[in-house]
Each structure stands twice: as C-alpha cells, then as structure tokens.
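Peer 1: Mind having a look at this structure? Questions to follow.
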Amino acid sequence: MNNGFFNSDFDSIFRRMMKDMQGSNQVGNKKYYINGKEVSPEELAQLTQQGGNHSAEQSAQAFQQAAQRQQGQQGGNGNYLEQIGRNLTQEARDGLLDPVIGRDKEIQETAEVLSRRTKNNPILVGEAGVGKTAIVEGLAQAIVEGNVPAAIKDKEIISVDISSLEAGTQYRGAFEENIQKLIEGVKSSQNAVLFFDEIHQIIGSGATGSDSGSKGLSDILKPALSRGEISIIGATTQDEYRNNILKDAALTRRFNEVLVNEPSAKDTVEILKGIREKFEEHHQVKLPDDVLKACVDLSIQYIPQRLLPDKAIDVLDITAAHLSAQSPAVDKVETEKRISELENDKRKAVSAEEYKKADDIQNEIKSLQDKLENSNGEHTAVATVHDISDTIQRLTGIPVSQMDDNDIERLKNISNRLRSKIIGQDQAVEMVSRAIRRNRAGFDDGNRPIGSFLFVGPTGVGKTELAKQLAIDLFGNKDALIRLDMSEYSDTTAVSKMIGTTAGYVGYDDNSNTLTEKVRRNPYSVILFDEIEKANPQILTLLLQVMDDGNLTDGQGNVINFKNTIIICTSNAGFGNGNDAEEKDIMHEMKKFFRPEFLNRFNGIVEFLHLDKDALQDIVNLLLDDVQVTLDKKGITMDVSQDAKDWLIEEGYDEELGARPLRRIVEQQVRDKITDYYLDHTDVKHVDIDVEDNELVVKGK
C-alpha cells in the first residue's frame, strides 16, 4: 500500500526500529509507545513478528485491535464496580464481617428507604465512632439472611472508594468518564447499591473549581438519584452534614436522613459480647464478661471526648494486643524446622554410637513437639479488669487501677499526705480529701467536676501550695496544675483568653493557649484561678456553667469536658486591710465581692487561718528539706541546729504576710551563705548551720 502516510519507506523504518528495540540488552527497563499507547516487551515482540509478514499499516491496525480486545476484557461495567469498591454483601456471605448488635432499628429504617421507588437514598448521620459503617455491614448481613423487604432482597452493597474514582484522572473529562462508567455499571447490574463512607467528600469532588465547566461527582449523580436509576447509602457526621450536604438543597432532597445515636452502656456491652469471638480468635486471648463491662465503664469515665462503642472496642483491642505481645504464640515454622534439625542430629549420634547424646536430643524433640501441640487452638492469656485499667492508664496517663487494698489505704491517707505538706490548714485539707475519696471510690454523680472550692484567707498561708500538692498527689505530676492569674483576666476581652475568639474575630483559628484547649488536651487537671476577685465579671459567669454542668463550649462550638478536673479559686478578699476577718462570718464577707449564685456553686468555701509560730516550725523544716534536695546534687549533706531554726522563725515571722517572709529569709540566710562557703571550699562534703552572736554561720567539713 502506498499513500500519504504509509509507504515503503515508512515500512522500512518501522521494521528497523523494531529490530533495534528487540536487540537492546535492557528491554525490561524501557517503556514503548505506539500511537500513544504503552506496550509491553512481549506485545512489542509480537508486533515485530507481525511486521515481518505484513505492512506497517496492517501492523498498526493489529495493535489497535489487540488494545481494544484488552480494554474490552478489563473495562467491563461489572468489573469496574469491583475495581473501585468492596462487595459488602459478598463479604457477608463469606462470613468476613463482624456481627452487628443492637442496631435493628437503624438497619430497618435504612432498608425501608432503599425499598422506595424513587429517592431511595438513605444517609446515616451520627457522630464519629457511633457505628454508622457497622449499620451498613449489618444491612448486608440482613440481605444475606433474607430479613429485608422483597424489593431489596437481591441487592449487592458496594462500598465505593472515592479516591479510586479520582485516581489517574489527569486529563479533562477523565473523571466524568469514570463516573459515567460507575453509573452504567450500576444500571447494568440492576441490583447494585453504592455505599459512600464520608459522603460529604462527593461535594465538589472532581470539580476544577474554575469556570471551565468541569462538574463534580455530586452534580453528575443528581439526575440519576432523582430518577431512582442508582441507589446510594451515605454516612457522615452531624457537622459535615450541616456544613456540606445541607448547603446543596438539590442534593439534600434526594437523600433521606437516618439518625444514628450513641448506644447506651448496656447495649455496648452486648456489642462487645457479639464481637468477642472475633477478637479472641485474632489475639489468642480470653476475654471474660467482667473485662467487657470494665471496657465500657472505664472508657465512659476516663475517655469522655470519644463516643461508644468505638472507644470501648479500642480499649478491648489494645488490651488484647498488649497481652498477646506479652505472651507471643509459638512460631510453628521455626519450631518444626528446629525439630527437623534435631532429628538429623539424633541420627548422626546413633550412627556414632553416642547413645547418651541421642537420648538428650530425643528429650528436646519431645519437648518441642509438646509445645506445638499445646499451642494449637489454646488461648495463651486471660484478660483481667486490671489489664483494662492499665490500658486506660497508658491512654490517658491517669493512674487508674482496681480498688485493691493498697489503693484503699492510699485514699484513706491522702489527707495525711497533704497535711504533711500544708501546715496549719487541716480544715481545707480534709474538705478537699473527702471530695477526692468520693470520686475515686466511684460514689460521685459524675456530672460535675471532681470538686470545686473557694479558698479564702490572708496571703502566704498555703492556698496556692495546696493546689500544687493536690496535682502532684492525685495525678502524679506537677504539670497537671493549670494556673491562671486572674489579674490578667480583668479586662473586657478576657473571655477570649478563656474559650477563644468567635468567628469573625482575629485569632479564631488559633486557640492553642486558651483554658478550654488546655483542658481538652489534659482533661485530668487541677485548675487554679488565683486571686479570683480580680477577674472580669464575665469570667465568673462562665465558671457558673463549668461548676454546675461540668462542661464549657469554646469559641468554635466544641463542648469541652471539665468533669475530671478539680477547680480551685483563691481569694484574699476581706483580709487585705488588716481586718480581723476570722471573727466575722466568712459568707457575709464574700458577698461583698461575689454574687450569691457564684458562691452557691462551690462544693465548699474554705477559710485559711493565719499561721502561728508553731506552724512555722514545721514550715521551716519543709523549706530546709528543699535546700537539702539542692545540696544532694553536689553530694553535700547539711545539719541545722534548733537554735538556727528558731532564729529563722523569729526573723521570718509576720502574721499578716504568712510564710512568704520565712521563705525569703531561708533563701538569703541559708542558701546564699552556703553558696558563698562552697565557692571558697569547693571540696566541702558537709555543712553545719548554727547561730553565733545573733548571726547565722556556716561551717564545713
């Protein structure tokens, strides 16, 4: 053939090109394209062979026909549905899905919507973790069992991956072509139902966002949805449904909302019982009923920011995985390989007439065989409630444990431990200790903070120190104290420092340093509002909700849980002018500074008393202990005489100012003088502190 394009010269060039490519030593590492189509080395060799017997035009036509046959084999509508999604109904037939417990109502509602003649598109709306995807899996199982209306008894639920639709669509029109193939696949199968998890992603998915006319997935699906040509099940959260789906009125009216609420604690326990067998088989760990109940109860109490049943299932899964890792299963392959090696060694020993060695090898073989037999189908560990407590502790950092004898004694002695650090304030210590014991023992109502207290009294008597010691004793970390100096919250913009700015104001997206964000990150904290009388009245209004309901809504609309915090407000109102407030009614004094509804929210209003000299004796010992801790880093020991202690108390005592002057005296007279002595005697290992001529002196050894 000789025309404008295919002629004898081109035929010769084509054959020469094929010959050069075939002779390359690196064919496997190259890519070959003919007419813009990539071909494999095998296809290239076949075309080369054809080119030897036919013209170049015939070879090109043969390649196009082969490509069309390949596209016909791979591009069928039925196959395309399998390529972009999972057939949940088939997985249900194969027994690959977990059982769905306690969701019969939602499954029934979804089945009823699917049975409609038009607009048969249910959308499951619920918060993250409540089990929306599980409901669709439950529907697939119901279809397999035949417990659905006749209109959908033959349906196949295909879970579609939206990213698979967008993959490889770098050219204009490619995405729309994929959608049309999807729609045609559903039409041709006549029984396919598409499931889009996180369906809000279809809004604008595939659109270019310009005026080029490129349409998104939702725009292409709308006509088919309204005519009932395809049926879709969607799942999304309340926020995403409001912010995305409801904004598109045309799309919204094509869906029927099915509300999915969080299951109760009782229902969650039944859910865990239903999936227990799957977890036991996977982890080879036994999971008794009391462990399942502990997963639900402890996750409700200590993981309030998440929802059931997801958080309870996670706790169960983490616990079982942890126990499985501690008791690893026998490696069957390695053990059998070792037995084979020992059999060879035994034969060699028998051949060499080393019967004692052969007998020892036989004993080792028997031990390994017994180990293999015992490991088959046996649970290697049994979970306990204490294991669940350890998991919660690893997740939250809170020392959660069962109420054993040691924990009971620790709760009983919490007041003694605090009293050893807070001198002269027994009433305040006892009131706080009672609130802690009530909460940790599980007798709290759980709808308010662990405790809320107003500490009132003169300066320097231990109000702030009690909050610090409480954070250390209760949560094991001084960083668990969130301290807010209310002098910084006295202006009218103080609310934004507490809950963050609202929409439309600067800093709306950056609320990292607010109280609500700190509590969200560390829900187990002691919150100290120091000198609360200096706060703006709007701050006190916010605290009313926190102390009454145990939660607070931040500037972005998120509800922050305060039910695992201890709220302490300190104030020296009424004590600042030398008034003898001890002889007055404390509530009468407080009403001069705070509204009655604010005072009425506290669990207790505790009056801190003036410190006398007897109390300072214990305080000076604590301050000197802190000095010794510093000296231990240098390997230096210290002895302080009683005369020196009395001298420090006499010099540092001030009834109106409390213990702070004593702290300054210890720093100036003890720490500074030890520092001066150390700089002159760097090899000192021991110092004695005494009084000579009404002066504190330091002598070393």
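Note that Cβ sites are derived from N, Cα and C of the backbone, with glycine treated the same way.
Swiss-Prot lists 47-79 with the feature region 'Disordered'. If you look up Swiss-Prot, you'll see 47-57 marked as compositional bias 'Polar residues'. Summarising the annotation, Swiss-Prot assigns compositional bias 'Low complexity' to 58-72. If you look up Swiss-Prot, you'll see 81-332 marked as region 'I'. The ATP binding site annotation in Swiss-Prot covers 126-133, 457-464 and is backed by sequence analysis. Feature annotation from Swiss-Prot assigns domain 'UVR' to 336-371. The feature region 'II' is assigned by Swiss-Prot to 383-575.
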Peer 1: Where does Lys132 (ATP binding site) sit in DSSP terms: helix, strand, or coil?
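Peer 2: SS state of Lys132 (ATP binding site) = helix.
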Peer 1: If we count other C-beta atoms within 10 Å, could you say which of the binding-site residues Gly126, Gly457 has the fewest?
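Peer 2: With the binding-site residues Gly126, Gly457, fewest surrounding Cβ atoms within 10 Å: Gly126.
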Peer 1: By DSSP, what is the split of the domain 'UVR' (336-371) into helix, strand and coil residues?
Peer 2: 33 helix, 0 strand, 3 coil
Peer 1: Return the residue, from the listed binding-site residues Lys132, Lys463, with the maximum count of other C-beta atoms within 10 angstroms of its C-beta.
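Peer 2: Answer returned by the neighbour count: Lys463.
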Peer 1: Rank the binding-site residues Ala128, Val130 by the number of other Cβ atoms within 10 Å of each Cβ and report the first-ranked residue.
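Peer 2: When each Cβ's neighbours within 10 Å are tallied, Val130 tops the list.
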Peer 1: Would you count the other C-beta atoms found within 10 angstroms of the C-beta of Thr459 (ATP binding site) for me?
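Peer 2: The answer is 17 other Cβ atoms.
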Peer 1: Restricting to the region 'I' (81-332), report the mean pLDDT as a whole number.
Peer 2: 85
